[in-house]
């Protein structure tokens, strides 16, 4: 039988699957005995949009900048769209009230997850009732549990073959979901498998052929298996009953670097949409994702359930997040970053520094090491084993600073992070939402600092218009970043560190100064 055309595949699948979520993934350590909190209740209060900021505000700080201003007609914002229409009640304050199985309630309690968040209250009952779902909620609000709990409960009723498939855009997020699935399903001895790039395909093919219960994968690597590993390896996918697109906005986006062709290949190996549930979750519900609700559906399929928690403004950030900007000259950005990380208020904070390019991230890590910062990195130039090791070091506080590209901006849940620095201003406001969502998670406080140069003002204005709040100018009592850069010899110190780091890269050495053999990169 000829495989369905790409447009038929994605249309058939997504009409049933409408949803998305940059889910915040609870932090689960690789060490099984020490189970960490997966999620805590999130504050889903409404954040009113502010009027479009002006260029003069960026040039000169104003006291009124940080104050959000409510728009007319939004005095009674709808926090749960469609959820209230089906009778969602506030008294559903426990997982038992959501009809979650006792063994799952016990497992969540063991992991210190006792009360469902708003996205979990809205989605879990509807998914258990067999509906396709589109779920939108801010970062850190518990979207992973919102789809994993009903998947595990329905699997336990019919634990035969590959029951669920979870697709996610990054390897690190896939690993985090995989570890979380293992932790929650521990009482039932579920057999999940992780399929991502950067590791041996042969061992993955054997794992797929062994009929695991849940497959957590990145689209590119799973598509490679579907194309090249043989029918015997991937035939189990034809029994999938539930598919999840986590970070659906990224998976379904078009343009350069699009994952859509690989997603279509993955969906073509699954049963038709009329024979399975499709769940889409994201922190940024795009119009394209939202429109999937109204696509044609099979006669036997109930309507798609759509809920957007506190998403009435296009992309929301946690209300406990303090958003700031710091004006920096183009030629001294590294010096300003070094001083910012060394101030009395920031010198002990676990921090993530986001860059737009892998080469920038590599250079910054090497430079900051020479400036005595405890730093590691996460980007696509690193082999997968090193990426995993670096992330583990940061989680364990062996490194205080993680320098990363947007590969670390989606889904990763590291509760200790209290500072996010945008070294490069993201070109897409949605990327900003995901970046700053690495802090201030699950009701905790956090701060983001965006380094703004002369050419970045319009990008900052677009970000502020998107999140509905204005950034404050960064300040710390008794601290002048510019003064410290100019008067304390920082420029010379940082300049020397940058030159040494650049030379190390040119010589082909790793961050520890060891000569590195150029090996063929494993996909």
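Cβ coordinates come from backbone N, Cα and C, glycine included.
Bear in mind that the values here come from a model prediction, so they are computed numbers and not experimental data.
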Q. To which of the residue ranges 238-241, 242-245, 246-249, 250-253 does Swiss-Prot assign the term motif 'DEAD box'?
A. 246-249
Q) What range among 6-34, 35-63, 64-92, 93-121 does Swiss-Prot record as motif 'Q motif'? A) 93-121
Q. What kind of secondary structure is residue 144 (ATP binding site) part of, going by DSSP in three states?
A. helix
